[in-house]
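**Q** Have a look at the structure that comes next, please.
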Amino acid sequence: MRNLKLLKSLCNAELSHSAGSPLCVAVRSDTDSLLLASEFSIIEFDPRTGQVVNDVSLTEEGYMPDDGSGKLVGIQELAELESVCVATATGDVILYNLTTNEVECVGSVESGLTSMSWSPDEELVALTTGQQTVIMMTKEFEPITEVGIHQDDFGEGSAVCPQTGARRVRVWSREGVLQATSESLNGLEQALCWRPSGSLIACTQRHPNKHSVVFMEKNGLLHGDFTLPCSRDQAKVKELLWNSDSTVLLVWLEDVHSGADGHIMQLWAVGNYHWYLKQSLAFGRDPQRAPACVHWDPQRPLRLHVVTRGWASLTYDWGWATDRSTGLDASDNANVAVIDGDKILVTTFRQGVVPPPMCSYELQLTSPVNLVTFLCQTQKSNHLAAMTADGQISVFGPGRSPSSPHAPSSNHTCLIWSFFQSLSFKLWFERVDWTDFSGCPMNFPVPCVQMALCTMVVLDANRVLGLVCVCQLASNVSSFVVHEDFLLVTTHAHTCRCLLLGTLTVKGLQEALGSDGGQNDETLRRVERGSKIVTVVTQDTRLILQMPRGNLETVHHRALVLAQLRKQLDCLKFRDAFECMRKLRINLNFMYDHNPKVFLENVETFITQLNSINHINLFLTELREEDTTGTMYPRPLNVPGPSPMTRAKKLDVVCDAFRHTMESMDPDKYCLSILTSHVKKTVPELEIALQKVHDLRGKTAAGVVGAEEALKYLLFLVNVNDLYDHSLGTYDFDLVLMVAEKSQKDPKEYLPFLNKLKTLEPNYQRYSIDKHLKRYSKALLHLSKCGEEHFPEALGLVREQKLFSEALELYPAHSPHYKALSCAYAEHLVAQQQPEQAGLLLWRCGEPGRALQAFVSASSWRHALCVAQQVPLPPDQLSLLARDMAGKRLIDQRRYAEGALLLDQYAKDCEEAISALIKGAVWEEALRLVSWSNTTYLLTLHPIRTFLTQANNTALFGRHRNRLSVVLELKEKARLDMLGSNDRFLGRINCVRSSKNRRKAERKKWSLKEGSPLEDVALLHALADIIGTLHSLLKALVLFQYDRLAQKLQLAYEEALLMMEAAIPEVWSDGGPPSQTPVTGPDSTANSITASLQNQARPTSLPLPGQCSSSRASAESPYPWR
């Protein structure tokens, strides 16, 4: 639905002094100059400057006679050879070099030539001779073949199209083999042109009652036609010319009644299999203004070159444009006008989409229309003006007859129409100088095909810009339109962008048009290949697109839809928004998510406007916890959102708000919606909904929903088996039977079960129902009320379903039932490897003996000693208990200080306590006990023994350090592989383990076994232990005056200390080793553990007599001795 709009025309009459008359024309592709040939010479002429670039004579070389009687039959520019090829009627083929200005005859045919044509790739040339033959040659003018035009066979294929006098069309291949011959066509004329893209051949035919342009396929079969707007004998078709992209067909007509004085050139275009006459150029009756030759520009498809007999050069530049009304309110009908000869086809897209070539209505004029425009004024945007080929302007409007207020001069460039007062109007026809609001001129780099005014953000300021050829900003734009606050653009990437002008910058426009868009990008929509914008309905979301073949498609761009919905919701137009969302399949959650606070404050308005139970139910059933404004329909950038709501569940908040509002308005009318609000909550309130259905029984008032209908509706929302179970959970057998009758259950299945339940005691009956429904907590509650005889059954239920905490709350604290439950709970905890908690339960319920066993098993020595005092244990057994816990549990767990405390205070064995402290390198506490008990020899032996055990620590430190580097490298590689395989694993992975597995993992997490999950953490702590042990040993040696041993140890470990110092940045990237008690947890890593200990201080150094202060070890070791 596009029209050809004249962008620019150039007229040059500087060649009027040239001799002869122009016979043919070509275009030089590299300079855009015209190559004109006459009876005397070849002229190169630049139409932009009006200067003759070259002029070479053909008469001087004898190629053409001096009297001007010669004739040229063809001209062709050969870009690769930088030459012009000219063929004369006498049979000469002349090559003119544009660089050297040399003229050469490359061949001659004695019988003369009647035509010459080159292939589009300039590889072949075909010549027709005076002997009715076709000569095929290469671009080097090497003959390929020569065949006769008139042949008896029909042939096959396609390549070249000569026309015979028998009114048949014959088609030859590139090798000169006859491919096809058409049937005999009466009235077939000489005009013939092959479409550049495709396989159609255009020619003209005179019928008894009309004059037509017909199309043939390359096999000679007819393929469509259209009728020329003239009678059979009124005009003669001189030539048919396709433009380079095959979108426009030029028909050159000569009025036979006016002789050479009436020439018309018509431009035809096809859409949806209908041919439209888009432009009609009349050249008047002046013989000098009559066209002599015409040629389409090969580089610019819509540029036409015409040379008149008076040597005037005319250059026309057209562009495709859609003529649409530009109203800003609902009174605008979204008109689109299509020019079709002397008719204007108008389609009003607000009322409906009419596929072309049909239309809403036609406007008939007396002459072919060349230009049409709509009035740019509110309330009058449906008025239009049209200018015809004879220069007359007609104005049309609703309810008025057409008028012709003015006949402009023929040198118009554009038509602009605007009202100045209420009734008067003015039309401009001359060139317009555009200025902005400040009066500064606005110059565009190229002629305007389409123009629109909009507000964009430029340099942090709003300015009015004229958008012309948006491809100047981005090269992939095919069409655009400004619609209210949006700029809609289609691209050659088959997308349609809808950009908000209020936040759009030039840079942002370029970035948007150059990107592919992200997920849920509302500004981007995929469209069919080659789609272009026709119009957008004002104050609506309908976007009309036209496909390349001409058919129309109506789409609702997501950005336009969401913008309209936001406006409607802000204005509390809930019904309009709801209908739009239903029609365009927008998630109904958006009504709440757009502004939750405003929506909840206007729930009653929402219900009143919808006024439909079905619509309310539809809204409630569509509710989800997802915030659609953050996922499906994100807000545009720089557009603030509403204040955040509370963290309450969205479903619960909305359902409760609707239920309270409907119950206060009319609970009987909105009964089904109230049931929906119960069912759609996060935890469905099916029991409450069923109870309300039960309460409806017996109500027969008009307008009140019956129990049967309400139950059917619930069965529509909820699975019948789930509803049956929940009805059974109400303990109402009448309601259970009502639901069961609506289900597919066999009465033989549920009636015996229900009859058996009716015979039971009420509490036991409810217990049986809850146990059947697997509601064990409720079942235990009812069973606890059934009496003493059912306690064993209750205890079995507690053990089976592990309901210990719930059970302890149901029985008095000092009852035997409470004690039995506590003992059972303790057994469960022991089985779950939680003996300390079990001991506490047993202790509080009066079972100290079993509690003591549990505490001993948990190595909880303080609780164990307290319980032992309560039992009470004799002194010898208490001493034995302390010795056993210290030796077999605490010391084995490396809890040396606690084991020494038990041995010293409870077992009364000071020497064993000192041995344990020395074994654990707790030197200060060991020294205290030695001073207290006078057992110095133990302390003097152990430092020497420890010195001997440290001989392999240097090698051990090196092995651990090397292994740590390998482990860290392997873990980093595994992490990168995981990230590269799937982006979904970017988040933190949480491991869920049972308590037993957690304790097992705790025991194994410091394992130095290669390949263990936390091997890197274990290596870190092993390295820290080596450093700490060395420091503690040296202090002990110095304290007991083992100076020689200390010096020997210092020298022996000099290399180890240097290695450790150099390894600290590598092992502990934060600058220091971890402590003995790292911050660990299920989510900890090696890096997080070491980072949490970055502030740990290094051990202080001790002075050592006789040590050289200049020693390298003293200067560089982390533990220098001086």
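From the backbone N, Cα and C atoms, a Cβ is placed for every residue, glycine too.
Dumping what TrEMBL says about this protein:
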type	residues	note
COMPBIAS	1077-1099	compositional bias 'Polar residues'
DOMAIN	159-299	domain 'ELP1 first N-terminal beta-propeller'
DOMAIN	338-404	domain 'ELP1 N-terminal second beta-propeller'
DOMAIN	472-534	domain 'ELP1 N-terminal second beta-propeller'
DOMAIN	558-757	domain 'ELP1 alpha-solenoid'
DOMAIN	764-928	domain 'ELP1 TPR'
DOMAIN	991-1067	domain 'ELP1 three-helical bundle'
REGION	1069-1122	region 'Disordered'
**Q** If I count Cβ-Cβ pairs under 8 A between the domain 'ELP1 N-terminal second beta-propeller' (338-404) and each of 159-299, 472-534, 764-928, which range comes out on top?
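**A** Between the stretches 159-299, 472-534, 764-928, 159-299 has the largest tally.
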**Q** Could you give me the DSSP helix, strand and coil counts for the domain 'ELP1 first N-terminal beta-propeller' (159-299)?
**A** 6 helix, 74 strand, 61 coil
**Q** In the domain 'ELP1 N-terminal second beta-propeller' (338-404), how many residues does DSSP call helix, how many strand, and how many coil?
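**A** Once the DSSP states are binned, the domain 'ELP1 N-terminal second beta-propeller' (338-404) shows 0 helix, 33 strand, 34 coil.
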**Q** Restricting to the domain 'ELP1 first N-terminal beta-propeller' (159-299), what is the model's mean pLDDT?
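**A** Per the prediction, mean pLDDT sits at 85 for the domain 'ELP1 first N-terminal beta-propeller' (159-299).
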